[in-house]
Ligand SMILES: NC(=O)C1=CN([C@@H]2O[C@H](COP(=O)(O)OP(=O)(O)OC[C@H]3O[C@@H](n4cnc5c(N)ncnc54)[C@H](OP(=O)(O)O)[C@@H]3O)[C@@H](O)[C@H]2O)C=CC1
Ligand SMILES: O=C(O)C1=N[C@H](C(=O)O)C[C@H](O)C1
């Protein structure tokens, strides 16, 4: 591994971008070597520190991804699907570890990421926190232990600026529940009921999205049957925990072979 791998943060003006840049700068194991924004963004050409409202850092915000990735060992990317699939190609060309936190990716986007992972390490997770990744394991185990008389519903709450639903985390939890039950999520998924929906289908997994204020991220998995309910939940109250997970993934990825990985791999939680 390079002694102190260089990191480029994409979407650096975003909620997660700022958090990630701050965490990389605090780290004594990684070095911030690039800060990226889209062409035409106000921050392009400005010093990152000044753009963030602080002291000068000597790092200029840029818009040329390939040039930035070429001097990095890792790219940390919490942006939007259209950007992330482009970055996956470019990070693979630069042989940089691509840590993807972006959610709302389509099947086609996932395929492009899969292709890019032939040439480079990609770590992707809808949630980079230890707590949520543990919760997916617990969800899978509980779902495996219960029969289809137990209804499974996933409720997620986020801030009012979030653009995708269900959240990436809710989908991770849904996948874990479906895996525990031995079914395919896309065959049993019920999203956002409205109107005369008919009775609940046994065996289905429901998703519900709450959007309001500045909620960082809350997830609950509800298992309900006649006479009893189990609720398991996770509350994130600080975005720094997602950023720290992403930094961990960037470091871990330095020693891996090209391929697709997730946070269970990084955290050593895979069975
Ligand atoms: N996996 C995890 O643990 C977590 C994942 N997320 C996910 O991360 C993503 C970002 O979240 P958040 O920071 O809140 O969102 P923001 O909207 O605050 O930030 C997104 C950033 O990406 C930039 N961006 C968007 N499209 C492009 C593009 N085509 N090229 C370059 N830059 C682009 C935006 O620029 P502009 O403003 O110009 O559009 C903005 O700076 C979401 O998908 C969210 O769900 C969030 C938290 C944790
Ligand atoms: O957009 C967010 O903010 C978050 N997105 C991720 C998701 O879609 O699950 C993770 C976290 O909940 C915050």
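Heads up, the Cβ atoms here are built off N, Cα and C, so glycines get one too.
These come from TrEMBL:
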DOMAIN    7-128  domain 'Dihydrodipicolinate reductase N-terminal'
BINDING   11, 12, 13, 14, 15, 16, 37, 101, 102, 103, 125, 126, 127, 128  NAD(+) binding site
BINDING   38  NADP(+) binding site
DOMAIN    131-267  domain 'Dihydrodipicolinate reductase C-terminal'
ACT_SITE  158  active site, proton donor/acceptor
BINDING   159, 168, 169  (S)-2,3,4,5-tetrahydrodipicolinate binding site
ACT_SITE  162  active site, proton donor
Task: Close in space, distant in sequence - residue 127 (NAD(+) binding site), Cβ under 8 Å, 6 or more apart - done: 133, 168, 169, 172, 217, 242, 245, 263
Open item on the list: Under a three-state reading of DSSP, tell me whether residue 162 (active site, proton donor) is helix, strand or coil.
Closed with: coil
- [ ] May I ask for the distance between the residue listed as 'active site, proton donor/acceptor' and residue 11 (NAD(+) binding site), taken between their Cα atoms and rounded to an integer number of Å?
- [x] 20
Task: recorded positions close to ligand 1 - of 158, 159, 169, only those whose C-beta is under 6 Å away - done: none
Open item on the list: Out of 11, 168, which of these binding-site residues shows the lowest number of other CB atoms within 10 Å of its CB?
Closed with: 168
- [ ] Restricting attention to the domain 'Dihydrodipicolinate reductase C-terminal' (131-267), give the mean pLDDT.
- [x] 97
Open item on the list: Given the recorded positions 11, 38, 127, 162, 168, return the subset with CB under 6 A from an atom of ligand 2, ordered by sequence, or none if empty.
Closed with: 127, 162, 168
